[in-house]
């Protein structure tokens, strides 16, 4: 019998000791079996070093394939036992394959370990740090030993710790005002405050103040919420009267509290609440939230919710009114052939944008679920923008030379591959996916527009073959303008000779922005929310859906689009093409101004994407991010609808009204600075959006409306001023300063106050309005020389600024 029991014993004893075990502070930790053990205490960025001793049992040897030690930070959900989510994983190889005959000791050290979260053990979740030693073996299974340790991260007191004032009650029965001296407390602090009775129409028998902990785990349909009462403190025994106040002094040190955890690795949250319990003479209990993450009274919350719906409804009504009230002056009369061409492009462009919009809200979330911290995720984002900057110009030039249709297909393939990489939690593969995504982004914002402009211009004075009943157009024959509007039928073909007017191009641009950057963005956000939260398919599901949309769009391109080129000269390499594009920018002031305007506006726009969330919730206010995003997209639709009206008329010109757009957008981004000085900051921690946030939201909607006007307008100006032969190359040249700017901002986003960042964006937009005014002044001047002349000139023979 002893032999049988011995067969299940490990072949060796493993002992893990820390190098500073004698001086390191030891703290109690409760294990799963209920026992309490003493473990060493560490904090983030400390070195963790020690020794590992492996001693075979007497008379035995250990044949192994290697010995390693791992430092793991793990989250375990109790309803999903056995599955650990590692957010920190460091490995040190201690020994190569061989044999161990006697006690052997291995030193180890992990330098400046980043441990972002504190150890936590709750009702449904456990966060722990552990050293794991593994002796790998071919037979009998590997030998594994664990050693827990605890992490506590200490931070200095917050520089701003406002008091809390809030009103709660029962309508027409009870009105109570709370006042607490702070909004943030440390674990050994004292809560000091007062309760004022402003209205009392019910008979209260007693009143208690409770400390409650609310633990929420999972997401969507799999969310589990547990609330436990940690302490109860009697405030009053008897009936209060109107005007009476009761002091509060509650010491926190006797209770087992933990720091507040907000969405730790997108797995769980822990919040603490002060709950006031009133018991009337009929023993009915009323629970009134009075602190922590509770927010304000119910009336204020409902008012703020109503504010979101009012803004969304007002923007929706304006968009509907603008679209329905268009008259003949606001509409452009087009031909059926053009409508078929336009609709084909809009379907493809909408599918491409759906593939892009589906991914956006979930990129950061997906990376964080794989256990990567802010620094690593920031590097992934910088890699995406950096690859767009480095490779964008190359792929743009290849698009001009090898064909825009091929470039659009390359976009689909590249972005689909980028989506596939999201299934891997390996950092290197995710980095490759970000690089592919950056290249795809450059193609999205250059190749499709270049193809559209070239194809539109190709229709002028050309005839087109269209298969009856098919959505696709076929290659064109040569023709002359005198034969326009002549149709004839021969078997199953229709031959139509019709020139597309230049003004019709602006209609395609405005509709593309209205659909791709407005309606499709809203629907993509709702669809992604359905996949991740409602259906609980996980954060990778939107990327799979995006790949499907991209594949459908690619099929339409392959079946219906024809090829067009910028400069198909066989003897022109990429370097010569770059030089030619640089010559075009330097030689034509209008192109240079257009590039500067685009970089300034888009740089401010991408910076705004990073800043709007902290601007609207500086005190961790509970704001509906998805609904606000949909509101922004509706404002963008409003702007594109306005742009289509403006561009349908001969006056005002694009160059003229864009000056006003840039000034308005500059003023809109000044609102966070103005509200910081003119509106008293909210003293309530959590709760709903503040008055300053409401004003800023209106300003941000105004900015998004300007974005909606900007896109079709800048496309229109690019079609006028950028030479066709190097359109994609020059457009990607414009993105180089943009990507540099975004990388710098992303790298230093925490280095400057948010008001400074908004002020910088506002200045950039005002400079853009000045440059736009200059462009307006010189827009009627003819070019100094044609593109053909610049092509034939040796770019190395003369300086670029001639």
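Keep in mind that glycine also has a Cβ here, set from the backbone N, Cα and C atoms.
Keep in mind that TrEMBL annotations are predicted by a computer and have not been checked by a curator.
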Transmembrane segment per TrEMBL sits at which of 282-302, 345-365? 345-365
If I count Cβ-Cβ pairs under 8 A between the transmembrane segment (591-615) and each of 306-324, 377-399, 504-528, 540-562, 686-711, which range comes out on top? 686-711
Go through 345-365, 431-452, 540-562, 660-680, 754-771 and flag the stretch with the largest number of C-beta pairs under 8 Å relative to the transmembrane segment (504-528). 345-365
Outside the transmembrane segment (540-562), at least 6 residues beyond either end, the same-chain residues with a Cβ under 8 Å of its Cβ set are 344, 347-348, 351-352, 354-356, 358-359, 361-362, 366, 405, 408-409, 412-413, 415-416, 419-420, 422-423, 451, 455, 470-476, 527-528, 531-532
Feature contact check the transmembrane segment (627-648) with the transmembrane segment (431-452), CB under 8 Å, 3 or more pairs: no
Near the transmembrane segment (627-648), which same-chain residues lie under 8 Å Cβ to Cβ, leaving out any that are not at least 6 residues past its ends? 308, 311-312, 315-316, 318-319, 322-323, 326, 329-332, 361, 503, 506-507, 509-511, 513-514, 517-519, 521-522, 525-526, 612, 616, 654, 657, 697, 700-702, 704-713, 716
Residues of the parent chain within Cβ reach of the transmembrane segment (660-680), under 8 Å, 6 or more residues beyond its termini: 597, 601, 604, 608, 615, 691-692, 695-696, 698-700, 702-703, 706-707, 709-710, 713, 754-755, 758-759, 761-763, 765-766, 768-769, 772
